[in-house]
Each structure stands twice: as structure tokens, then as C-alpha cells.
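> The annotation substrate binding site is assigned in TrEMBL to ARG56, ASN199, LYS200, LYS225. Annotation source TrEMBL lists active site, proton acceptor at CYS120. For ASP189, the entry in TrEMBL reads active site, proton donor.
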Amino acid sequence: MDMVEEAARKIETMEVRGASRIARFAAETLMNYALTIRGDFDAKMKKAAERLLNTRPTAVSLFNAINFVMRYEGKTEEEKRESLVRRAKEFIEWVDTAKQKIGEIGARRIKKNSVVMTHCNSSAAIAVIKRAFDEGKIEEVYATESRPRFQGHLTAKELSEYGIKVNLIVDSAVRYFIEDVDYVVVGADTITANGALINKIGTSMIALAAKEARVPFIVAAETYKFSPKTLLGELVVIEERSAEEVAGEEIRSLKNVRIRNPAFDATPRGYIDLIVTEIGAIPPEMAYVIIKERLGYAKIYDEEIVLSPNHFE
Ligand SMILES: O=P(O)(O)OC[C@H]1O[C@H](OP(=O)(O)O)[C@H](O)[C@@H]1O
């Protein structure tokens, strides 16, 4: 379990972060673990899967990755291992190919000489921006710093290295600059059955500002960011992280001050113009179809009923 425990800690501390990356990393970890264990395969894998699942609660990509890999089949241990490895590789390929497709499809929606605003650090949103830049359509980008973890710095660095001009702004300057922006492009941690977007805290304020200024709000999201559980009525759990991420000891120890640090928020579908997935650009109202047809929720429906607290029974 050492390998699994180490991977779980990397996700918890956000050494490995980003909805896609944690999903890919979890699939990889389950695969590598399956290759090392001997005997008691199902029980050991179940324990590993649960440990990884309990790291961060919000991004459904993690759940979908684990659920996908854990639906292995076979009678003997060797058959099960082979099936699991095959499924893990299939999921990893899904992650790797989806990004490129999202870039292609998303870039078609961007007009020439555009200014794009993005939030946090989303590999899917960046794929759209880079592709649009390759096609000569991007003039510059506004990247929010994304307090408290400053993932916006990663975005600024990556885009700058790609040759794209970036304005790094504080999160509260979004409305100040929104008039200069042609599109907002953000990523997703989860998309619910009713088409709402769960993404980095602050996303919903950007969506509000964009709607007011009539700036199209585009979400770049692989189909494994859609949540089958929400079809069963489950609400998305918003992760609240430690106060230490927000303020130093001096402030944290103040008698009447409580620090709140939700990592994500929800943007209702009415604020979203388009969701760019690897299988097409869709309106948020189509989330149900993606969940039903692409994720095959019917197949996991029975398992889902017993999903909490025992995901793989
Ligand atoms: O999958 P990709 O598009 O890379 O990222 C999707 C989202 O994951 C991140 O969460 P965190 O930084 O892990 O909390 C951000 O909220 C980002 O928009």
C-alpha cells in the first residue's frame, strides 16, 4: 500500500493537481499497484481505490477514473490483473487524446484577434487557447492569479513559454477588465446532470461578470468530468481546504475570525454558453445525454446505489 499511500498524499497536498491530472494519476497508480500485488487481489484493489477516492472530494474525474479502472473482469487473479491494466491504459489514453480534440473543437469557436480570459490552471482550457493561438487568433490572455494557491502563476508561465502575451491579474480585477475580453474559457472539475459547472472558486463570479458584459463563457471539459452520481440526485461535495492556505498564524489566531476556504464553486447552466468536450461542443443542457450515453451510467447504476460508503461492493 506504500505506493498508493504516497500517491494519495500527493493528491491531497496538491503536488499532483488539476482534475485531469489527478484522474490520470489515480488510474496509473491503480495499474502499477495491481502489477505489484500477489494474492487477495479484489480486497487489496478495493482498499487502494477507496484510499485514492478519499483524497479530494470535488472533481468527479477522480471518481470516474477509479470507477472505470475498477470495473475489471476475470476469474483468475492473472485475468483480473490483465483486465485492470487494460482498462487503466484505456483511461489514460482517453485523457491524453481528449485534450487535443478539445483544443481543435474549442479553437473553432474563437474569432481572429481575440482576447481570452481564463481562471486557475486548466489543461483543457489551455489546450483551447494554445490551439487558437497556433491558428493566429489570440492577441492576449488575461489569467487570474487564483488565490489562495496561485495556480494562475502556472497558467501565466505555461502560456508565456508558448509565446502568448499574458496579463496576470488579481481575482478581484475580473470585472475591471472584462470589457477588454472577447471570451472567457475555463476548465471544469465536475459538470452536473443539470448542466451546472463546478470549478475553481471564483469561477461563478467571472461567469456573472461575463454575462453582464455579454462575453461568451466557454467551458472546456472532457466527458469524464460529467458526474453520473448527480443523475441519482447526489450533490457535489465542495472541498473546503485548510485556513493555512489563506492567512498566516497572526490572522488565524484572532479570536473572532474564522477563515473559510472553499476550493470550488458552482456556476448555473444559464451562465454557460458552451461546453467543449472531445466529442463535440454542446450546450450545458446536454449534460444528461453525455452522462447517459458516454459514461453509460446504466451500467454502473446498480453499483451506484451501493456506492456510498462502499464504492466497489
Ligand atoms: O483537468 P484540468 O482542465 O487540467 O483542470 C480542471 C480544474 O482542476 C483545477 O482544480 P485544482 O487546482 O486541482 O483544485 C481547477 O479548478 C481547474 O479548472
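A Cβ is built for glycine as well, from the same backbone N, Cα and C atoms used for every other residue.
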> Report the largest Cα to Cα distance, in Å and rounded to a whole number, among the residues ARG56, ASN199, LYS200, LYS225 that the record lists as binding substrate.
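About 14 Å separates the two most distant Cα atoms.
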> List the recorded positions ARG56, CYS120, LYS200, LYS225 whose Cβ sits under 6 Å from any atom of ligand 1, in sequence order.
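CYS120, LYS200, in sequence order.
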> Inside 10 Å of the Cβ of CYS120 (active site, proton acceptor), count up the other Cβ atoms and send me the figure.
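There are 28 such Cβ atoms around CYS120 (active site, proton acceptor).
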> Listing them in sequence order, which of the recorded positions ARG56, CYS120, ASN199 have their Cα within 10 Å of that of ASP189 (active site, proton donor)?
ASN199
> May I have the list of same-chain residues other than ARG56, ASN199, LYS200, LYS225 whose Cβ is within 8 Å of the Cβ centroid of the recorded substrate site, in sequence order?
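In sequence order, the nearby non-listed residues are ALA19, THR58, ALA59, GLY187, ALA188, ASP189, THR190, ILE198, PHE264.
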> On a count of neighbouring CB atoms within 10 A, which of the binding-site residues ARG56, LYS200 is highest?
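Max Cβ neighbours within 10 Å, all protein chains included: LYS200.
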> For a quick check of packing: other C-beta atoms within 10 Å of the C-beta of ASN199 (substrate binding site), how many?
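So the number of other Cβ atoms within 10 Å of ASN199 (substrate binding site) is 30.
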> In angstrom units, rounded to an integer, how far apart are the Cα atoms of LYS200 (substrate binding site) and CYS120 (active site, proton acceptor)?
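That comes out at 7 Å between the alpha carbons.
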> Quick check for the class: what is the C-alpha distance, in angstrom and rounded, between ARG56 (substrate binding site) and CYS120 (active site, proton acceptor)?
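Answer for this pair: 17 Å between alpha carbons.
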> Which residues, sitting 6 or more apart from LYS225 (substrate binding site) on the same chain, put a CB under 8 Å from its CB?
ALA19, ALA59, VAL60, SER61, ASN64, ALA188, ASP189, THR190, ILE191
